[in-house]
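As C-alpha cells, the structure follows; a few thoughts come after it.
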Amino acid sequence: MIFPTKFDVIVVGGGHAGTEAALASARMGQSTLLLTHNIETLGQMSCNPSIGGIGKGHLVREVDAMGGAMAIATDEAGIQFRILNSSKGPAVRATRAQADRILYKQAIRSRLENQPNLWLFQQGVDDLLVEGDRVVGAVTQAGIQFRARAVVLTAGTFLDGKIHIGMNNYSAGRAGDPPAISLSARLKELKLPQGRLKTGTPPRIDGRSIDFSVMTEQPGDLDPIPVFSVMGSVAMHPQQMPCWITHTNEKTHELIRGGLDRSPMYTGMIEGVGPRYCPSIEDKIHRFAGKESHQIFLEPEGLTTNEYYPNGISTSLPFDVQLALVQSMRGLEHAHILRPGYAIEYDYFDPRGLKATLETKVIQGLFFAGQINGTTGYEEAAAQGMLAGINAALQIQERDAWTPRRDEAYLGVLVDDLITQGVLEPYRMFTSRAEYRLSLREDNADMRLTDVGRQLGCVGDVQWALFETKREAVARELERLRSTWVSPRILAEAEAERVLGKGIEREYALADLLRRPNVTYETLMSLKGMDGQDLGGPGVAEPAVREQVEIQLKYAGYIDRQAREVERHDHYENLKLPAEFDYMAVKGLSIEVRQKLTKQRPETLGQASRISGVTPAAISLMLVHLKKGGFKEFAALPPNTEAAA
C-alpha cells in the first residue's frame with residue numbers, strides 16, 4: 001500500500017496564504033503537502049470579491065514577480081479592473097479587480113493540482129508534532145500523522161473562531177465551516193504569545209431584488225483595460241461587469257443607532273479588536289456621528305450568480321436590523337438578503353515572536369503566515385504565505401534565508417512592521433507605510449524581485465524569458481533616448497511647440513526632452529523633423545516597457561535621491577545582532593528598552609531601531625557596547641558610526 005506520509009514541507013490551510021506557501025515550496029523542488037479541511041474551498045475569497053487596491057495591489061505584483069499565483073488567477077477571474085489614483089504619481093497608483101469567486105477558486109485549484117512536488121489532502125489538523133524545540137509534523141482530525149522538516153501554519157480566522165450575529169454566537173471558522181479548536185488549544189500549550197482579533201462581513205443581496213436604475217454605475221477602466229500579472233493579458237479576462245453605488249441616509253443611521261443595544265460590539269460580547277481601515281457600519285455611525293451619508297458599493301460576486309456584495313456595511317447587528325438598514329437605502333427598498341452579515345473573533349499570535357523569515361523564534365521549522373500573524377486582507381496573506389514557503393524550502397536546502405528589506409519590497413515593509421511593532425488591531429498595507437514608496441512601485445515589482453525569485457528557484461522558465469526580454473527592451477530604449485539628439489536646425493519651432501510646449505534653443509537628448517512636465521513618451525515619439533522624418537520614434541510598442549522608460553527618466557532625480565538615502569541607512573540597517581547579546585549589560589539603556597529588546601530579540605540593528613520606545617540614542621549606546629565588546633561585524637565599523645545612527 002503506497003500512501004506518502006513524509007514530506008519536506010507541510011502547509012496547513014488552503015486560503016490565500018496557504019496556497020501561495022505550498023506553491024512556492026513546491027516550485028523550489030520540495031515535496032510539499034497542503035492540508036485543508038475542505039478541498040472545495042481552496043483559494044476561497046471569504047469576504048469581498050476583489051483583489052488589490054492601495055498598497056495591496058503592490059503586494060499582489062510582488063507575489064507575481066516571484067512566480068506566485070494571485071495576480072494571474074485574478075486576470076483569469078477578474079470581471080472588472082481599475083487603476084486607483086490614476087491621476088496621481090506612479091508610487092501610489094494601484095490596480096484593483098473585482099473577481100468572480102468561482103472562477104478565482106478554479107484558477108487557484110488548477111495551479112495547485114498541476115504543480116509538481118505538491119500533494120493535496122482533505123483533513124483538518126488537530127495537533128502539531130513537536131520534538132524538543134522543533135516541529136516534525138502534523139496530526140489530522142482522523143489521527144493520520146504526517147511528518148515533515150518544516151510546517152507552515154496558515155489558519156486564517158479558524159483558530160477558536162466564533163461568529164456573532166446580534167446577541168447570538170456560535171463556533172465557526174467562517175460561515176459554513178468548522179473552527180480549529182483543538183489546534184488553537186495545542187498552540188496555546190506551546191506558550192506562543194496569543195491574543196484575539198475580530199473581522200466582519202456584510203450581508204449578501206440578491207441582485208434580482210435591487211433597483212439599479214436609481215443607482216450610479218461604476219464601470220471598470222476601458223482605455224486601457226488593466227492587467228495584473230506579467231504573464232497575463234486582456235484576452236484572459238472573462239466578461240466585464242459594472243459595480244453600482246448607493247448611499248446610507250439618516251434613516252439608515254437611526255436604525256443602526258437603535259440597534260446598538262443588541263450589537264455584540266457595543267455590549268461587550270466581542271473582545272477582539274477589529275480592523276481600523278475596514279470598520280463595521282455601526283462603528284462608522286458611532287465614530288463619524290456628524291457624517292450624513294456613507295457611500296456603499298454594490299459589487300457583483302460573479303458571472304453565474306445574482307449575488308451582490310454591499311461593500312461598506314460590514315455588520316454584526318441582529319438580522320432584523322440588518323434587513324431594515326439594507327432596505328432603507330435607495331435602490332434596496334425591496335432587497336432580499338441571501339446571507340446575513342456577521343463578525344468573527346479568532347486567535348492570532350503576536351508576530352513579534354517571529355523571525356523575519358516568519359519562522360517562530362521558539363519552535364524551529366514552524367512558520368506562521370496570514371491572519372494568524374494579525375494581518376487582514378487576501379493580499380497581505382498571500383505575500384506572507386509566499387515568503388514563509390520560500391524560507392521553509394531554503395531552510396531544508398540549507399541555504400541562506402530570504403528576507404526582503406524595507407527598501408526592496410512592500411513585503412519587506414509588511415514583515416518588518418509585524419515583527420518589530422506587533423499589532424493591536426488587524427494590520428492592513430498602505431503605500432503610506434513605505435518610506436521608500438517611489439522606488440517600490442507596482443510597475444517595477446518585476447524589476448525589483450524577479451531576478452531574486454529566479455535565483456531562489458521559484459520563477460519558472462517562461463516568466464524568466466518574458467522578464468529578460470522586458471529588461472533588455474527597457475535598457476535599449478533608455479540608451480536610445482539618451483544617445484539620440486535633436487537640435488533647432490532640424491526641428492521646426494511649430495513642431496517643437498506642438499510636442500514640447502515651446503521651441504528649443506540648443507541641442508537636447510530625447511531623454512532630456514521626455515523629462516519635461518508636459519511631455520509624454522507617446523507625444524515624444526510623434527516628434528517630426530523639418531523634412532518629415534521621425535526624430536523621436538518609432539519607439540517601442542510594449543506598454544509595460546514604455547511605462548518603465550518614462551517613469552525612470554521623469555523621476556530619475558527623486559529615485560536617485562531615495563537610493564542615496566537607502567545607502568546612508570545601510571551601514572547599520574542590516575548589521576546582525578549577536579544571538580547571545582545581553583541587553584541588560586548595555587550601560588545607559590533604560591530598563592524599558594532593555595526589557596523590550598530582551599523580549600523581542602531583534603535580528604538586526606535596523607529591526608531594533610523600529611521597536612517602540614527604542615530611540616536613536618539607545619541605538620548609539622548599543623553600537624558603542626558592541627564595538628567595545630569586539631563583536632565581529634561591529635569591531636570593524638568606522639569611528640563615529642554611532643553618531644550616524
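Numbers run from 1 along the shown chain.
Every residue gets a Cβ built from N, Cα and C, even glycine.
A quick note: this is a predicted structure, and the numbers were derived from the prediction, not measured.
The FAD binding site annotation in Swiss-Prot covers GLY13, GLY14, GLY15, HIS16, ALA17, GLY18. Annotated NAD(+) binding site per Swiss-Prot: 274-288, in sequence order, evidence recorded as sequence analysis.
Taking the features listed in Swiss-Prot, we show where each one sits on the structure.
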{"residue": "GLY13", "record": "FAD binding site", "Cβ contacts under 8 Å, 6 or more apart": "LEU35, THR36, LEU153, THR154, ALA155, GLY156, PHE158, GLY370"}
{"residue": "GLY14", "record": "FAD binding site", "Cβ contacts under 8 Å, 6 or more apart": "LEU34, THR36, ASN38, ILE39, THR41, LEU42, GLY43, GLN44"}
{"residue": "GLY15", "record": "FAD binding site", "Cβ contacts under 8 Å, 6 or more apart": "GLY43, GLN44, SER46, THR154, GLY156, GLY370, ALA381"}
{"residue": "HIS16", "record": "FAD binding site", "Cβ contacts under 8 Å, 6 or more apart": "GLY43, MET70, GLY370, TYR378, GLU379, ALA381, ALA382, GLY385"}
{"residue": "GLY274", "record": "NAD(+) binding site", "Cβ contacts under 8 Å, 6 or more apart": "LEU197, LYS198, THR199, GLY200, MET265, SER280, ASP283, ALA343, GLU425, PRO426"}
{"residue": "ARG276", "record": "NAD(+) binding site", "Cβ contacts under 8 Å, 6 or more apart": "GLU425, PRO426, ARG428"}
{"residue": "CYS278", "record": "NAD(+) binding site", "Cβ contacts under 8 Å, 6 or more apart": "THR199, SER314, THR376, PRO426, ARG428"}
{"residue": "LYS284", "record": "NAD(+) binding site", "Cβ contacts under 8 Å, 6 or more apart": "LYS291, HIS294"}
{"residue": "HIS286", "record": "NAD(+) binding site", "Cβ contacts under 8 Å, 6 or more apart": "LEU260, TYR266"}
{"residue": "PHE288", "record": "NAD(+) binding site", "Cβ contacts under 8 Å, 6 or more apart": "HIS294"}
Given the recorded FAD site (GLY13, GLY14, GLY15, HIS16, ALA17, GLY18), which additional residues of the same chain have their Cβ within 8 Å of the Cβ centre, ordered by sequence?
VAL11, THR19, GLU20, ALA21, THR36, GLY43, THR154, GLY156, ALA369, GLY370, ALA381, GLY385
What are the sequence-distant neighbours of GLU282 (NAD(+) binding site), meaning same chain, six or more residues apart, C-beta distance under 8 angstroms?
ILE256, GLY259, LEU260, SER263, MET265, TYR266, THR315, SER316, LEU317
With an 8 Å cut-off on Cβ-Cβ distance and a minimum sequence separation of at least 6, pull the same-chain contacts of GLY18 (FAD binding site), or say none.
VAL11, VAL12, LEU34, THR36, VAL152, THR154, ALA369, GLY370, GLY385
Which ones in the same chain are close to ALA17 (FAD binding site), with CB under 8 Å and 6+ residues apart in sequence?
THR154, GLY156, ALA369, GLY370, GLN371, ALA381, ALA382, GLN384, GLY385, ALA388
Near the Cβ of SER280 (NAD(+) binding site), how many other Cβ atoms are there if near means within 10 Å?
25
